[in-house]
Amino acid sequence: MSNDNLIIAGKAYSSRLLVGTGKYQDFAQTRAAIDASGADIVTVAIRRTNIGQNAGEASLLDFLPPSEFTYLPNTAGCYSADDAVRTLRLARELLDDHRLVKLEVLGDPQSLYPNVVETLAAAKTLVKEGFEVMVYTSDDPIIAQQLEDIGCAAIMPLASLIGSGMGILNPWNLQLILERVKVPVIVDAGVGTASDAAIAMELGCQGVLMNTAIAAAQDPVLMASAMRKAVEAGREAYRAGRMPRKFYSATPSSPTSGMIGR
Ligand SMILES: CC(=O)[C@@H](O)[C@H](O)COP(=O)(O)O
């Protein structure tokens, strides 16, 4: 592990790329792409993925053993706080008292935009019940702050709508969230290609969560590898500190002063 780990709820992860496990051709392709991504944390849609609740069917657990990956059960497909809380209680039972979860409460099936009122209500209940809640939300800095105040372990604002691949629509709002929130800020949803992930990291986000950009690429394994590098490059660029932007440069890139013979 490097000395620049992602810390969530007191645990260190070497990869800052978090990936979903849905939308692949089959579990074998899921595994190959996730290996190429280098991700430590993988999300699992509890209502859509067999993790042992459907006996006799292929289980994700066989392809991505929880001994190798940190599972992040999520509430994809939930439209109310009650539904989301129920789903994560089920995940806790299925996964041996697992506490680290991704909360997402959606507003409508067309946009999949987060319903922040229901999200806040669910977050309150889950935190009280001892869950470590990584929460998908809008890019509203005030809501992000409220979710942190409730006790969420990470704030995960969207870049753009889930599955849209539109990239970061409002970098300024992400900046406002980053200024206010102390827990990790992880961009979740809407990443389309590697440069989107690099921009999120260059802004100072602590990680990026994505699914469709990898699973819907023509070559998911190659895209997963590209995303891994983009997240690493973006993080290094952030840590290095970019040069200031100048409309004109008064200094040439190859100064001649000080050269031998001048
Ligand atoms: C994997 C997961 O948790 C999704 O709900 C997430 O929001 C991903 O969005 P994209 O598919 O747009 O990357």
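Just so it is clear, glycine is given a Cβ too, placed from its N, Cα and C backbone atoms.
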According to TrEMBL, ALA189, GLY190, ASN211, THR212 bind 1-deoxy-D-xylulose 5-phosphate; which one of GLY163, GLY234, GLY241 is annotated to that same site?
GLY163
What whole-number Å value do you get for the CA-CA distance of GLY190 (1-deoxy-D-xylulose 5-phosphate binding site) and LYS102 (active site, schiff-base intermediate with DXP)?
16
Name, in the order they occur in the sequence, the residues of the same chain whose CB lies under 8 A from the CB of ALA189 (1-deoxy-D-xylulose 5-phosphate binding site) and which sit 6 or more residues away.
LEU112, TYR136, LEU158, ALA159, SER160, LEU161, ILE162, GLY163, SER164, LEU209, MET210
Of GLY163, GLY190, the binding-site residues given in the record, which has the fewest other CB atoms within 10 A of its CB?
GLY163
